[in-house]
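Colleague: Please see the structure below; I have some questions.
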Amino acid sequence: MAPPSLPCGIYAPTMTFFHPESEDIDIPTIKHHAQRLAKAGLAGLVVMGSNGEAVHCTRDEKIAVLSATREALDAAGFQSVPVLFGATEGSVRGTIELCKLAAAAGAAAALVLPPSYYRAQTDEASIEAYFVAVADASPIPLVLYNYPGAVSGIDMDSDLLIRLAQHKNIVGTKFTCGNTGKLTRVALATDAKTPFRDGSGYMAFGGMCDFTLQTLVSGGSGIIAGGANVMPKLCVKVWDSYSQGNRDEAEKLQKVLSRGDWPLTKAAIAGTKSAIQTYYGYGGYPRRPLKRLEQARVSAIEEGIREAMEIEKTL
């Protein structure tokens with residue numbers, strides 16, 4: 001039986017919050033953040049992705065964050081909001097083990113990068129074999145994660161993604177590559193789910209909120225975007241406006257969203273946490289070796305997203 005389809009819409013790859021001095025995981029803040037995002041109307045959450053500092057966390061910490069997020073959503077009445085889990089490890093065996101742990105902790109699907117540490121020995125055939133082996137054994141479906149910047153430049157093309165989509169336990173791709181042409185080809189070939197029709201249920205996710213509208217036009221299913229940690233309601237408004245036929249409003253708001261997302265993109269994890277701290281009173285810092293931002297940079301981010309946040313406050 002095919003796995004249940006994920007809902008269309010905006011997903012946030014949530015931050016992992018740490019105590020500022022000890023760098024221990026801050027579970028109460030993680031739970032608070034998950035509930036705030038769900039209340040803002042997000043379709044789903046992703047934990048232990050790139051924004052979640054997965055590479056800075058142990059396996060036990062990863063599962064603790066997943067469990068806390070699922071518990072927080074359930075406690076607040078958001079049992080239907082799915083949580084995806086970044087389950088990438090370097091080996092087939094390790095990734096399968098992590099998928100099994102994630103399933104037991106309540107993950108709806110696993111977000112998985114291609115293997116990349118041994119880049120010189122990693123070709124397309126080995127990448128395809130890796131995903132097939134993991135998908136064969138994982139108790140939860142896979143969403144493939146195409147993010148060349150995180151995997152030594154490996155950029156899976158549409159032909160490979162379309163072939164992998166034929167596996168019954170591979171249910172989507174996140175296109176952090178930003179290639180809307182590739183997203184369009186994959187969405188078309190897989191009959192991807194959209195706000196207008198269920199199609200096959202395959203999910204073609206844009207990977208940044210600055211091309212939310214472009215993803216919709218391309219036949220996409222949703223957005224998994226770091227900016228949704230900061231301006232979730234604006235992200236949802238762009239998505240809903242287009243989906244409900246108000247294209248002019250969607251275009252207008254997308255321009256604001258694209259401008260506001262850029263300062264966050266440039267400042268990455270530290271910048272997003274800084275913006276959350278400025279506007280919501282929590283956030284803190286990344287784990288080392290990522291640097292803490294100087295006050296001048298914090299102020300610049302605050303100013304850079306001001307227009308977007310003024311709209312966010314009205315929604």
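Just so you know, the numbers here start at 1 and follow the chain as drawn.
A Cβ is built for glycine as well, from the same backbone N, Cα and C atoms used for every other residue.
Since the structure is predicted, the reported quantities are computational estimates derived from the model, not experimental observations.
So Swiss-Prot says this about it:
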BINDING   S50, N51  substrate binding site
ACT_SITE  K174  active site, schiff-base intermediate with substrate
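I'm curious about the neighbourhood of these features; can you describe it?
Modeller: In three-state terms derived from DSSP, S50 (substrate binding site) belongs to neither a helical nor a strand segment and is classed as coil. Around S50 (substrate binding site), taking its Cβ as the centre, 22 other Cβ atoms fall within 10 Å, counting all chains.
Taken residue by residue with DSSP, K174 (active site, schiff-base intermediate with substrate) is part of a strand. Using a 10 Å Cβ-Cβ cutoff, K174 (active site, schiff-base intermediate with substrate) registers 28 neighbours.
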Colleague: Counting only residues 6+ apart in the same chain, whose Cβ is under 8 Å from the Cβ of N51 (substrate binding site)?
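Modeller: Spatial neighbours, sequence-distant, of N51 (substrate binding site): P13, T14, M15, G226, N229, I269, T272.
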Colleague: Return only the integer: C-alpha distance in Å from S50 (substrate binding site) to K174 (active site, schiff-base intermediate with substrate).
Modeller: 12
